[in-house]
Amino acid sequence: MPAVKMGVMLKGEGPGPLPPLLQQYVELRDRYPDYLLLFQVGDFYECFGEDAERLARALGLVLTHKTSKDFTTPMAGIPIRAFDAYAERLLRMGFGLAVADQVEPAEEAEGLVRREVTQLLTPGTLTQEALLPREANYLAAIATGDGWGLAFLDVSTGEFKATLLKSKSALYDELFRHRPAEVLLAPELRENEAFVAQFRKRFPVMLSEAPFDPEGEAPLALSRARGALLAYARATQGGALSVRPFRLYDPGAIVRLPEASLKALEVFEPLRGQDTLFGVLDETRTAPGRRLLQAWLRHPLLERGPLEARLDRVERFVREGALREGVRRLLFRLADLERLATRLELSRASPRDLAALRRRSLEILPELEGLLGEEVGLPDLSGLLEELRAALVEDPPLKVSEGGVIREGYDPDLDALRRAHADPVAYFLDLEVREKESTGIPTLKVGYNAVFGYYLEVTRPYYEKVPQEYRPVQTLKDRQRYTLPEMKERERELYRLEALIKRREEEVFIALRERARKEGEALREAARILAELDVYAALAEVAVRHGYTRPRFGERLRIRAGRHPVVRRRTAFVPNDLEMAHELVRVTGPNMAGKSTFLRQTALIALLAQIGSFVPAEEAELPLFDGIYTRIGASDDLAGGKSTFMVEMEEVALVLKEATERSLVLLDEVGRGTSSLDGVAIATALAEALHERRCYTLFATHYFELTALALPRLKNLHVAAKEEEGGLVFYHQVLPGPASKSYGVEVAEMAGLPKEVVERARALLSAMAARREGALEEVLERLLALDPDRLTPLEALRFLHELKALALGLPLGSMKG
């Protein structure tokens, strides 16, 4: 259940017992102690006692009081008409909501109106369209045992899957990839304060409690997570659950994209600014298409066959512009068929849902088939379409209880009741005309209210003309209201027929909804096909609009005129080439020249290719990578007590642990978080290790010592820059060979450092360079003068220490011991 504990329910003042309304409230509240109970009273959902105080604080409401003869308690409420907006805010704050509705009309109640909890709402178990985000809305469960068991369920679509992971870092990567709205933790994790604290810092989502099988009874972590997930979801849905076939998935079967890579590449969330890769690609026209595109970005493919099939479909839409525009125009009219099918299977679809199914789904399918041909593979739903056309009015109300849902001529019994109902209605319309004529009262009129029912109303000047058979029911300031025995008889008949019409219309609607529910599998299949069409057309639209090309797959990585798909939207962009094969490519150049952008652009082109998208380049051939690993940009974990350097080393350790010769590795300025000597040593050792592993590695660095590194599969590139009269000019071109210098002082000057500081830095740099050059010359002279055959081992060791001290600019003798 939700982890927001509600505690003591009701407090108040007064000597007497609770009034009946509050007794009913407390009884319902006791059944759902972990939820905030929203209790319908007329046109409002009310809370009382401490719940009222919580509601008022959370939403900024005015706190009032419920007062009876002997009792007073705090009260706060929200109007039912604004429920969706308030509920969304409460769910975002971590509240679970129990919604108690009046389940009988007030006029039919014998005493207190009966109320029941009709909905349990938590962030991860929503099916209501108004409350759901456009993205997938996952509920997750985590358990331990023979590993880390992780299960996901999207209640709104029925997607249900799970995996078994071997490490906590892999668990966090999967959670970051899926971004669940709510997480269930097994008891052994819930009771681990350190784990919970770390988890909350990384994932600000609702943590809820649910019954898990004990570890001893169900040692398999995956089974425990899966079972708890289903039990919790069923409890919130009143036992009804629509779940697609369970899928056991293996993260190793897709391209490995650790959390650090998703963040550094800004796939879903920007590090700065507003743009993301998903934002660039999201030209989808439907909600299921948008969710599918996100899923593709979370799960890039490893196999060439499925990728070529996707690219073929994208290419068709690229080549056939009129077809692409026509399909996208039709897709834009579609409802969220995937979630609508779930509401149908849960028997929660409203009249408007069925109208949307007819008008914004089924009526569009024949038009799509007309454009694409029968090979699109859409199921035949023409029978259901004709049924909905015959049964539903054009624009039905939200609730069937409001009436006017079923079209005239569809159900003979309902038609007969409506005709019978027309007689008493006509009677009251005729009554006003007849009574005006018979009494001579020109202002007489027939009215209705909920207290007195139908009445005859006469204004004060005509009181003397009122016939004796009129029975007074209400006196107002300037008018009186009356009734007649025959009016009451007709009124009772009218109420009886209205109740029969309401009941029959509900029966017909439920049967119609059941007819649609039986097509659930076909509707889900149609939703899947339409979502794929949407993504293919969207990727084609992006490709045409931005000049992307179809990638080829091979052993070499060869990109001609590659561009960064996100940066180029904000500024003029200089395209660059890259060619490598199982090599270590060292990229040097000054800050701000574009090294990091070049690294990111390469990774993004690879990622796009492996979801089946065209890529931002004039030509691209890429290997099928099994993982994309990045160490780009500075970050720290202050809450976890980790420095930038520590976080950097953890990410590098993951690369060394997982990367293979089929991996793409991007490293930017590794080692800069520590001393220069340590940094050079770490960067050199890392470069050697990755070179030995034969990864496709791009290694951006300021350490010019690394340009002397002699490895057989190493090549140097640099980002061009040149000093001109106006200062340093960045060309953003990637050229062969190492950079000639780092231009650090020039960049500092561009950043606005005071002139005297810049001049002092230049002087110090010149002095240090001269000193180092002199030291190196002295080292060389001493080596040339050395006769190694005349050195004892101790003298040789002392000589090496002296050479090292000279190279580092230290006084001789400082390296002893």
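Placed from the backbone N, Cα and C atoms, the Cβ positions cover glycine too.
Listed in Swiss-Prot for this protein:
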- Gly589, Pro590, Asn591, Met592, Ala593, Gly594, Lys595, Ser596: ATP binding site (BINDING)
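Among the listed binding-site residues, namely Gly589, Pro590, Gly594, the Cβ with the most fellow Cβ atoms inside 10 Å is that of Gly589.
Classification of Gly589 (ATP binding site) by DSSP places it in coil, neither helical nor stranded. Reduced to three states, the DSSP call for Gly594 (ATP binding site) is coil. It is Lys595 that, of the binding-site residues Lys595, Ser596, has its Cβ surrounded by the most other Cβ atoms within 10 Å.
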